[in-house]
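Copied over from TrEMBL:
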ACT_SITE  107  active site, proton donor
BINDING   77, 146, 176, 231, 232  FMN binding site
DOMAIN    21-318  domain 'DUS-like FMN-binding'
Ligand SMILES: Cc1cc2nc3c(=O)[nH]c(=O)nc-3n(C[C@H](O)[C@H](O)[C@H](O)COP(=O)(O)O)c2cc1C
């Protein structure tokens, strides 16, 4: 990875001109990250990666770290509960050229929470801080942490946590202002973002209900956060990153059949180049329905991708997609 000085990696870019791609388990793999970067994402996350999976040398876990020269700056998101399990994986990561690390302290999935990881860390701030200290001492990395609202929804506790984490040396904090119990439903409480951003000693990155560029622009204006990351908004439209969030220029809505077909073709090209496996072809079945949603031929397009048995068939599918979407 580039930009690493003797004292550690350079700070990540923030601001309306530097939208980030959020970590999305099952989605933010190398081809999708490159697709988003080609459209303007300035920073991207891996999906969440288990520190225990790295320690136990699980091939599936290491595969999640596949990257390429254009895939930078890349934030590797780790999850785990035991502070002692973080030092060695972080050293391994830096040896392999990964220098930006994020701790997942927001995952609401029961299987993860049960182990004390993800959003369970919000209820055990001392452990959370110890993990961040361990990461910071293990190697010269820039480390961030992704938080949710605590279970009681209180922002006072969150502000104390922010200041403690800043003293522990975190380089940025991402807040997805929903409680773990809320999952991804209900509205994200942007008022909590405003409180976090006010006089924060570290940059605050917003996540939550950023479905399009207008929402991101509003979020900057209303909350005073330093940065934003697109999550489900990017899954629906990877061209969301093209919009100029600073000037207010309209986003590229990607609502014509030709642009969707071009997007699908490009996504397929990146998959074939970086991971032409059958499992990647099957994974395209989970991306395509979002891209084609709302078009007259969406149903046919969803059926079409399921019928693709190899990448040649996928290419033909992409060639015919524009017409199919128009319902012809
Ligand atoms: C399918 C899916 C997978 C996600 N995976 C992760 C993850 O691995 N790590 C993480 O910190 N957040 C994860 N998130 C949360 C998102 O990064 C983001 O914070 C959340 O979706 C709120 O943003 P949005 O309302 O703009 O989508 C995931 C969300 C979704 C929908």
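Our numbering is plain: 1 for the first residue shown, then up by one each step along the chain.
Heads up, the Cβ atoms here are built off N, Cα and C, so glycines get one too.
Annotations in TrEMBL come from automatic prediction, not curation.
Values in this document were obtained by computation on a predicted structure and should not be read as measured data.
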Average pLDDT across the domain 'DUS-like FMN-binding' (21-318), rounded to a whole number: 95
Proximal but sequence-remote residues of the same chain as residue 146 (FMN binding site) (Cβ under 8 Å, at least 6 apart): 23, 77, 102, 103, 104, 105, 106, 173, 174, 175, 176, 207
Fewest-neighbour residue among binding-site residues, criterion Cβ within 10 Å, set 176, 232: 232
Pairwise CA distance, residue 231 (FMN binding site) versus the residue listed as 'active site, proton donor', rounded so that it is a whole Å: 14
Taking residues 77, 146, 176, 231, 232, which bind FMN in the record, the widest Cα spacing (Å, whole number): 17
Cα separation, residue 107 (active site, proton donor) to residue 232 (FMN binding site) (Å, whole number): 15
All-chain count of other Cβ atoms within 10 Å of the residue listed as 'active site, proton donor': 22
